[in-house]
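Let me begin by presenting the structure, written as structure tokens, before commenting on it.
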Amino acid sequence: MMKRFTFTRTARAVPPHAWFGVSAIFHYLGPSFAVLLFPAIGVLGVAWMRIASAALIFAPWTQPWRTLVVANAQTRWLLVGLGVCLAVMNSAFYLALDRLPMSLVAAIEFVGTIGVALYGLRTRRNIIALLLAVLGVFILIDVKWSSDPIGLFWAFLNGALFVGYIILGHKISERGASGGVEQLGAAMAIAFLFVMPIGFAEAIKAFATVELVLAGIGVGVCSSVIPYVCDQMAMSKLPRSSFALLLALLPATATIIGVIVLSQIPSGKDIVGVLLVMLGVAVHKPSLNA
């Protein structure tokens with residue numbers, strides 16, 4: 001009971017935009033660990049390490065076995081759907097990155113979120129906010145199309161499943177932030193069971209060195225634990241369309257992190273893109289009915 005109260009109280013005390021900021025920072029730390037793992041254990045091995053480490057971290061404090069036992073049939077199917085979605089989405093994301101530039105994968109992923117945002121943004125003000133954010137994102141992302149059909153297949157599959165993650169993730173957040181995190185832990189355990197036979201043969205090579213194991217844990221923490229928990233905190237306070245619009249903060253945050261951490265000087269175009277995204281988020285007004 002204390003755990004549920006603490007998560008819910010924390011979610012209510014902190015603005016959802018702050019949760020997005022934390023999520024975005026760790027969202028872009030994850031790939032830095034994945035770079036170390038890709039050559040060593042392969043794409044599916046990285047996906048396996050990401051999901052396995054996240055599931056093991058969630059297990060002690062979300063107790064997925066208890067969540068699944070007490071859940072009704074409808075909730076169990078919801079968690080199975082979310083778990084399979086997470087497993088395939090994460091695998092497709094890395095398979096796409098193995099063949100396509102990050103900018104193209106990110107652009108395809110963002111297209112789906114535009115649809116989710118547009119579906120629920122019923123006011124003129126929020127439509128303008130969405131247009132500003134979309135314009136800012138595509139200014140930030142230097143998109144170069146690819147003729148690799150396999151890479152494009154994985155990228156579009158990842159984008160479609162990301163929409164599924166938004167819809168199903170928002171559904172479990174209806175129980176509040178703490179209930180959502182508990183169900184997220186159960187879904188991640190299901191994702192681990194689903195991906196277990198797929199990437200284990202490649203991932204086992206990671207256990208040859210401590211560095212690779214730590215990198216795998218880093219991928220799980222930065223890509224699947226902290227961001228997904230922050231998502232639940234934000235989803236519990238925002239309608240689905242507003243959450244989708246705020247995802248425009250991800251590429252903008254990546255640019256800002258590049259300035260602070262990597263001393264990368266942004267171009268004038270990048271600055272315009274960041275300002276447009278921030279303006280869109282500032283103009284947007286969440287609606288309880290969206």
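Just so it is clear, glycine is given a Cβ too, placed from its N, Cα and C backbone atoms.
Annotated transmembrane segment per TrEMBL: 12-30 (among others), in sequence order.
Taken from TrEMBL, the feature transmembrane segment applies to 36-57 (among others).
Annotated transmembrane segment per TrEMBL: 77-97 (among others), in sequence order.
Sequence annotations record features per position, and here TrEMBL assigns transmembrane segment to 103-121 (among others).
What TrEMBL records for 128-145 (among others) is transmembrane segment.
Residues or ranges marked as domain 'EamA' by TrEMBL: 150-283.
If you look up TrEMBL, you'll see 151-168 (among others) marked as transmembrane segment.
Per TrEMBL, the feature transmembrane segment maps to 180-200 (among others). Outside the transmembrane segment (180-200), and at least 6 residues removed from its termini, the chain residues within Cβ reach (under 8 Å) are 4, 7, 42, 44-49, 51-52, 54-55, 58-59, 61-65, 67-68, 71, 75, 78-80, 82-84, 86-88, 90-91, 169, 172-174, 224, 228-229, 232, 235-236.
As annotated by TrEMBL, transmembrane segment applies to 206-230 (among others). Within the chain carrying the transmembrane segment (206-230), a Cβ under 8 angstroms from the stretch's Cβ atoms is held by residues 19-20, 22-24, 26-27, 29-31, 33-34, 36-37, 40-41, 45-46, 49-54, 56-58, 86, 90, 169, 181, 184, 188, all 6 or more beyond its ends.
Under the heading transmembrane segment, TrEMBL lists 242-265 (among others).
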Contact ranking winner - 12-30, 77-97, 151-168 against the transmembrane segment (36-57), Cβ under 8 Å: 77-97
Tertiary contacts of the transmembrane segment (151-168) (same chain, 6+ residues out, Cβ under 8 Å): 78, 81-82, 85-86, 88-89, 92-93, 95-96, 98-100, 104-105, 108-113, 115-116, 240, 243-244
